[in-house]
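The block underneath contains the structure these notes are about, expressed in structure tokens.
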Amino acid sequence: MKPIKVLIIDDSALIRSLLREMITSDPRLEVCGAAEDPYQAREMIKQLNPHVLTLDIEMPRMNGISFLKNLMRLHPLPVVMISTLTQVGAPETLEALSLGAVDFIGKPKQHSDLGLSQYRDEIIRKLICAAGANVTAMEGVGKAKATGLDAVAQSKSLKTGFLCAIGASTGGTEAIKAVVSSLPLNSPPIVVTQHIPPAFSTSFAKRLDGASAVKVYEAQHQQPIEKGCVYIAPGDAHLKVSKTAKGYICLLDSGEMVNRHRPSVEVLFDSVCEQVGNKAMGVILTGMGADGAEALKRMRDAGSHTIAQDEATSIVWGMPGAAVKLDAAAEVLPLNKVAANIIKHALK
């Protein structure tokens, strides 16, 4: 098999050199070029036909966001953003994902907590995943918002004790937005785990809240779970659901990583299965790996309705694909049908 051709776009010579060294350490990848600004990158894309790009957000002459807008319009390619994993960098990175970037990773730092060897493993994994991503699905995500659910939801009342849990990873920020922004005010309570860094979950929840009729929160420990509300797991804690005499509440757990993740979809789904039982619904959306697939099967076996996003509309059909292989999903649906299905099963 021919190696995946990677084009690095970064104005720092040091970062370009570090990335090149790490990427070329894996025989499945080959650095076909390194550009110091988007203008140079534009010419290199024409000449070298890379399979995937790494793109810095902050660059002179033209920033990464402007370049990404043009690229996705004229020559869509899988892109992994190299961004500052801070609250300051979060809005720009989330915007890059909304414009069609597949994934993001922090900048390599020689003295970071995440050692360079761990960073190398992560960027290699993300580049290989991005190279196989469904770029045409990216174009459809923004159009996946469902309409007309208000009238349906207003005509009936919600089932008592019903709760929906959603899990996602790569491509998930936009897939979750497509689902949540389609929901009417009369929606069931929804809990969400998206693999995201700690500094990003607050921005993600705010961004979703601004785009939706329902109220979206970054989940707090012991926060009551109410209808018409969506609760997003913080980037450094597992989100669990607990049943109390007054109703469901959110619990946050900073314990060990599960399936290499904290928050983990598996942890959320298992707690929902245990606490909500057959009144729950489980939804697994686009994402790399298999986090949540086995727990979704346990939810289905316990009598919950379960959904996996279909391959055609998934950026990466890892997690939903794993769920389908395990027969964990009662239905496999395109992204634009998920919100309506949640409402259908939530109403009496």
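The backbone N, Cα and C atoms fix where each Cβ goes, and this holds for glycine too.
Taken from Swiss-Prot, the feature domain 'Response regulatory' applies to 5-122, supported by sequence analysis.
Around ASP56 (4-aspartylphosphate), the same-chain residues at least 6 positions away in sequence with a Cβ under 8 Å from its Cβ are ILE9, ASP10, ASP11, SER12, ILE15, GLY64, MET81, ILE82, SER83. Residues or ranges marked as 4-aspartylphosphate in Swiss-Prot: ASP56.
Per Swiss-Prot, domain 'CheB-type methylesterase' is recorded for 157-348, and the stated evidence type is sequence analysis.
Summarising the annotation, Swiss-Prot assigns active site to SER169 (among others). DSSP assigns SER169 (active site) to coil in the three-state reduction, outside any helix or strand.
The active site annotation in Swiss-Prot covers HIS195 (among others). Cβ neighbour count for HIS195 (active site): 24 (other Cβ atoms within 10 Å of its Cβ, all protein chains included).
Here Swiss-Prot flags ASP291 (among others) as active site. Within the same chain, residues at least six positions away from ASP291 (active site) with a Cβ under 8 Å of its Cβ are GLY167, SER169, HIS195, VAL258, ASN259, ARG260, HIS261, SER264, VAL265, GLU266, MET319.
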Helix, strand or coil for HIS195 (active site)? Use DSSP.
coil
Which numbers of helix, strand and coil residues does DSSP report for the domain 'Response regulatory' (5-122)?
50 helix, 24 strand, 44 coil
